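Chemist: For 1-34, 78-104, 157-210, 267-278, the entry in Swiss-Prot reads topological domain 'Extracellular'. Residues or ranges marked as N-linked glycosylation site in Swiss-Prot: ASN11. Residues or ranges marked as transmembrane segment by Swiss-Prot on the basis of sequence analysis: 35-55, 57-77, 105-125, 136-156, 211-231, 246-266, 279-299. If you look up Swiss-Prot, you'll see CYS103-CYS195 marked as disulfide bond. Taken from Swiss-Prot, the feature topological domain 'Cytoplasmic' covers 126-135, 232-245, 300-316, and the record attributes it to sequence analysis.
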Amino acid sequence: MRLMKEVRGRNQTEVTEFLLLGLSDNPDLQGVLFALFLLIYMANMVGNLGMIVLIKIDLCLHTPMYFFLSSLSFVDASYSSSVTPKMLVNLMAENKAISFHGCAAQFYFFGSFLGTECFLLAMMAYDRYAAIWNPLLYPVLVSGRICFLLIATSFLAGCGNAAIHTGMTFRLSFCGSNRINHFYCDTPPLLKLSCSDTHFNGIVIMAFSSFIVISCVMIVLISYLCIFIAVLKMPSLEGRHKAFSTCASYLMAVTIFFGTILFMYLRPTSSYSMEQDKVVSVFYTVIIPVLNPLIYSLKNKDVKKALKKILWKHIL
């Protein structure tokens, strides 16, 4: 009986919803931030979903490279959509609450797509390595079946990693404050709110995040080191310039993405600054998904040619 009373008392004090404090509590900034992030989100959807449609309808783009790009666009649109709409609503609404299960769902889907993007970027580096290092063997090294398996593995790994993090985070007790000092449900602010011992969670998160990010970064670095060596051996100066141009834009995007992830999740817990982290979070949840279609695709001659053809046929 005593145990039942303790459990009942604990359940009465446990948190059933959270309050997302958002980016700023200054009411004068709410409207400006809403308009700005709405425009960015719309550009994100147009760019990424447009890229998916373009690759789908143009037969010339039905190759492994563009299958990867299409998957990346889907992931960018998805992980931004798991955060941005709720952020936009909270910028204009007085009630900034999110239910316990809603917070868990947002946490899971955001983590799934973010993890999937890490793996996809590594797979795309391997794809570029195979295409430049040995073009004759490229159809064998990255066949349609292998491409599908690489992408499916990326999604499964991302979802599995997010499931572990979500299960470990939301099994904790939240019986004190329910005010999340962030604009979405993220790991550091949630762990700070928990009244359970979060030491083990911190170790597991650090271990999994370190393994995923470092292994993906190593694949990218090794792939591009091999690409760099292969490009230097090219007899054509024009071919070298084209290859270096493609690699430079890709490496810039990878550096921005993994740099922000490393900064956010692979630091000691004691060094977290919520205000600083919110700014960095805006960068990789809102800005990077908009930049990726430009960096990866719109600088590509095949994509621009396909886009002109579609516009000429259906609009002009």
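For all residues, glycine too, the Cβ spot is worked out from N, Cα and C.
Could you give the neighbours, burial and distances for every feature on this list?
Modeler: For the transmembrane segment (35-55), same-chain residues at least 6 beyond its ends with a Cβ under 8 Å from one of its own Cβ atoms are 61-62, 66-67, 69-70, 73-74, 76-77, 80-81, 84-85, 87-88, 91, 286-287, 289-290, 292-294, 297, 303, 306-307, 310.
If one looks beyond the transmembrane segment (57-77) by at least 6 residues along the same chain, the residues whose Cβ comes under 8 Å of a Cβ in the stretch are 44-45, 47-49, 51, 113, 116-117, 120-121, 123-124, 127-128, 131, 142-144, 146-148, 151, 154, 288-289, 292-293, 296-297, 302-303, 305-306, 309-310.
Remote same-chain partners of the topological domain 'Extracellular' (78-104), defined as residues 6 or more beyond its termini with a Cβ less than 8 Å from a stretch Cβ, comprise 15-23, 30-31, 33-34, 37-38, 41, 44-45, 110, 112-114, 117, 166, 170, 174, 180, 183-185, 190, 285-286, 289.
According to DSSP, CYS103 (disulfide bond) is assigned to a helical segment.
Secondary structure of the topological domain 'Cytoplasmic' (126-135) per DSSP, as helix, strand and coil residue counts: 9 helix, 0 strand, 1 coil.
According to DSSP, the secondary structure content of the topological domain 'Extracellular' (157-210) in residues is 33 helix, 2 strand, 19 coil.
Long-range neighbours of the transmembrane segment (211-231) within the same chain, counting only residues 6 or more positions beyond its ends whose Cβ lies under 8 Å from a Cβ of the stretch, are 115, 118-119, 121-122, 125-126, 128-129, 132-133, 157, 161, 239-240, 243-244, 247, 251, 254, 258, 261-262, 265-266.
The predicted model assigns the topological domain 'Extracellular' (267-278) a mean pLDDT of 68.
With DSSP classes pooled into helix, strand and coil, the tally for the topological domain 'Cytoplasmic' (300-316) is 14 helix, 0 strand, 3 coil.
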Chemist: Which site among CYS103, CYS195 has the most other CB atoms no more than 10 Å from its CB, taking these as disulfide-bonded residues?
Modeler: CYS103
Chemist: When DSSP states are grouped into helix, strand and coil, how many residues of the topological domain 'Cytoplasmic' (232-245) land in each?
Modeler: 10 helix, 0 strand, 4 coil
Chemist: Given a Cβ distance threshold of under 8 angstroms, which distant residues of the chain, six or more beyond its ends, lie next to the topological domain 'Cytoplasmic' (300-316)?
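Modeler: The answer is 51, 54, 57-58, 60-61, 66.
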